[in-house]
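*Asks:* The structure under discussion is supplied below as structure tokens; questions concerning it will follow.
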């Protein structure tokens, strides 16, 4: 972040001020509505074209990715410890669902609130650093949460994981993943809309301003740390929403949900989809989850080899990501037409 | 009393590994502005390489102690030239991500060849047994690690403090912009310094082989503790990284010994220290704020 060499705007995947967010806002209304309608149609069709269990995972991971992009793309903070919020919510959701027998949306809400609560102290400490330090600090605190979950066996069951998380919803039969998908779709869409609303609010504009020039934002009188912390807590809440749904979806919570590879995977998904594009994360989630399912189904065991390889290639050759590349091409064509 | 001394000794040995890894991270960061996530993976490769050399070619510990750091240092230099170099002009976060991807690849390569079980590595016969310190006994091998690491740190200290190469590395680590402004071509030091940092990680791995379980994941959890160590010491400070490495080793060993009823405490104490340091000195105990953010 403070490197001596200025990052050339053309090279950077993090959009310079007039690109990304603002361009999306400038796209003609009908294009945005058409894209939104198409996205919703795909979402409604998804469990008919894929295994419903995979479709459920895609929804959960879409929320996770968007929560990470809210920080990475729009606040300029790369959290490498988001598994802490995803996983904490998964455990809290599982525990609430098992012990209180509440309908699953209430359990998931409890989980997401717990995640947001955890994000408050971690974020308070982490926003004292920026750039690479921020990534290391969030990663370290996430690992601390992992150790706690590992050792606190009376609550988390340690390596055995939480078994038998119920899918209770006023007696409705949601045991089939196909119906469960449609039960969680509204929650996920609400979460995604919330992220979109945050990004396109005055608050979101301030975040982008902080991302592009923290010193200027501070000089304009914005309490930079407080804005970053608020974004961090909101992001923790959204990640928690995804993690809670993931727990109910699998009816099982394992320690993996808190492992640092989960945090890393969330960042891969965002980079692959396109940093700072919000909806790119949804695409990235769909691709990575689908690919991992396909790999494990075909008996390929070294999944890290493939995801790591994707990571290396994307970072080296494809930094704009999928959505970022599409937006970039559309922008170039638009500029050519105006000329 | 003897128990306390023994725990202290253990803490210094554990700290020696943190110090070696943190030292490598610090010089690499200084020269390249890269936080090398793959550092733990190279530590693992060092240990695994020693195991494979012994099990499949009969190469003894002492030879591995020379071969593995050299081989890994070379591999590091190739990687720097081939991929890491391409991202130096971009935000440092991209190289963090790149090395994260490399970590997954290296781990899975080893995992798919050797499985996830731990492989035993015998302590070299010259170093088996224990040394009697009067008040307490201590395993010879651990005495060796401590002596060797302290010696190594002293040599690195001397090189950094007294030679021209060291002067450039120190200057570039602590004030990169100023060093460039003095017309020093930092660029030509980048590749060898990266190789050197990786060699240190590999060396730590070979040293760890007889003492810790050799398995593909042994570096993964360690590296995150080392990240916490360098946040505590201050990533821009070479001395801070080494001092924090030994300090955290001590605190962990004491925690394990005297708070053994609370295993959560002994495992998380390093992160608690990190939180305290962030509250009190966000740039680390020995670090400087790079630029007002």
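Any Cβ shown, glycine's included, is placed from N, Cα and C.
TrEMBL: automatically predicted annotations, no manual curation.
Values in this document were obtained by computation on a predicted structure and should not be read as measured data.
Pasting the feature list from TrEMBL:
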type	residues	note
TRANSMEM	B:12-30	transmembrane segment
TRANSMEM	B:37-55	transmembrane segment
TRANSMEM	B:61-80	transmembrane segment
TRANSMEM	B:92-110	transmembrane segment
TRANSMEM	B:141-160	transmembrane segment
TRANSMEM	B:189-210	transmembrane segment
TRANSMEM	B:222-250	transmembrane segment
TRANSMEM	B:262-280	transmembrane segment
*Asks:* Tell me whether the transmembrane segment (B:12-30) sits in contact with the transmembrane segment (B:222-250), defined here as at least 3 Cβ pairs under 8 Å among residues 6 or more apart in sequence.
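*Replies:* Yes, the stretches contact each other.
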*Asks:* State the residues, same chain only, that lie 6 or more residues beyond the ends of the transmembrane segment (B:262-280) and have a CB under 8 A from a CB inside it; answer 'none' if no residue qualifies.
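*Replies:* Same-chain contacts beyond the flanks: 225, 228-229, 231-232, 248, 251-252, 255-256.
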*Asks:* Grab the same-chain neighbours of the transmembrane segment (B:37-55) for me: Cβ-Cβ under 8 Å, and only residues 6 or more beyond its ends, written as numbers and ranges.
*Replies:* 21, 24-25, 28, 61, 63-65, 67-69, 71-72, 76, 96, 99-100, 102-103, 106-107, 110, 114, 119, 121-122, 197-198, 201-206, 208-209, 212, 214-224, 226
*Asks:* Mind checking which residues of the chain, 6+ beyond the ends of the transmembrane segment (B:141-160), have their Cβ under 8 Å from one of its Cβ atoms?
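*Replies:* Apart from its flanks, the transmembrane segment (B:141-160) reaches 9-10, 12-13, 16, 19-20, 23, 123-124, 127-128, 131, 166-167, 169-170, 203, 207, 210-211, 238, 242.
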